[in-house]
């Protein structure tokens, strides 16, 4: 029996990487997958799901007015049967679109894997996440860590100086320059340690970085 899965996490937990790996696993076995990504996410090329480690794949960019159930039916008429539907940045789904995902699972018998944030920078649920938490068959937490080493469960919005931002619109598209994943303690303190990873080259002569 097909199920609706919600993979949730804080920022930078590798959600898109896991999504792309899941799609690859299906396609490696000759199965078709259908990928959706919200059009509102303008960080990368339009209609593309990108991971921080460099993986990418084309996807259908949807708007809040799109019916994902109808789109999946229409796309399936143009190709062979889909074995899985995957949704990136699922927190941006509307209540109606989450219901449409349940229809894809229940009426079309296609597994749906949705990946997204659980809460916004205020610690409040996104609409899409709220109804995925309520209606998904399986909930899977993808873990990442705070700068202190504890598990990060909060998404802190920061300004250009790395200071915590506590007011503003719920949706502000951004990456590491705008958000930091932290534990609850450092979120409440408004403390974010903003670091920029340095690429180290491996020296084959010394067998070390």
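Each residue, glycine too, has its Cβ placed from N, Cα and C.
Annotated features, as they stand in Swiss-Prot:
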- 89: active site, proton acceptor (ACT_SITE)
- 9, 10, 11, 12, 13, 14, 15, 16, 88, 89, 90, 91: ATP binding site (BINDING)
- 146, 148, 183, 186: Zn(2+) binding site (BINDING)
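Annotated features taken from Swiss-Prot, shown on the structure.
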residue	record	contacts (Cβ under 8 Å, 6+ apart)
9	ATP binding site	15, 117, 118, 141, 142, 143, 144
11	ATP binding site	117, 144, 152, 155, 179, 180, 181
90	ATP binding site	6, 114, 115, 116, 128, 129, 132
146	Zn(2+) binding site	152, 181, 182, 183, 186
148	Zn(2+) binding site	183, 185, 186
Cβ-Cβ neighbours of residue 88 (ATP binding site) (radius 10 Å): 24
Fewest other C-beta atoms within 10 angstroms, as judged across 15, 186, which are the binding-site residues: 186
Structural state of residue 146 (Zn(2+) binding site), classified by DSSP into three states: coil
Residue 13 (ATP binding site), number of other Cβ atoms within 10 Å: 20
Which listed residue (89, 183) has most other Cβ within 10 Å, given these are recorded positions: 89
Env. residues of Zn(2+) site, Cβ within 8 Å of mean position of 146, 148, 183, 186 Cβ: 145, 147, 149, 150, 152, 182, 184, 185, 187, 191
Rounded inter-Cα distance in Å - residue 89 (active site, proton acceptor), residue 13 (ATP binding site): 12
Coarse DSSP state, helix versus strand versus coil, of residue 15 (ATP binding site): helix
Recorded ATP site residues 9, 10, 11, 12, 13, 14, 15, 16, 88, 89, 90, 91, farthest C-alpha pair in Å: 15
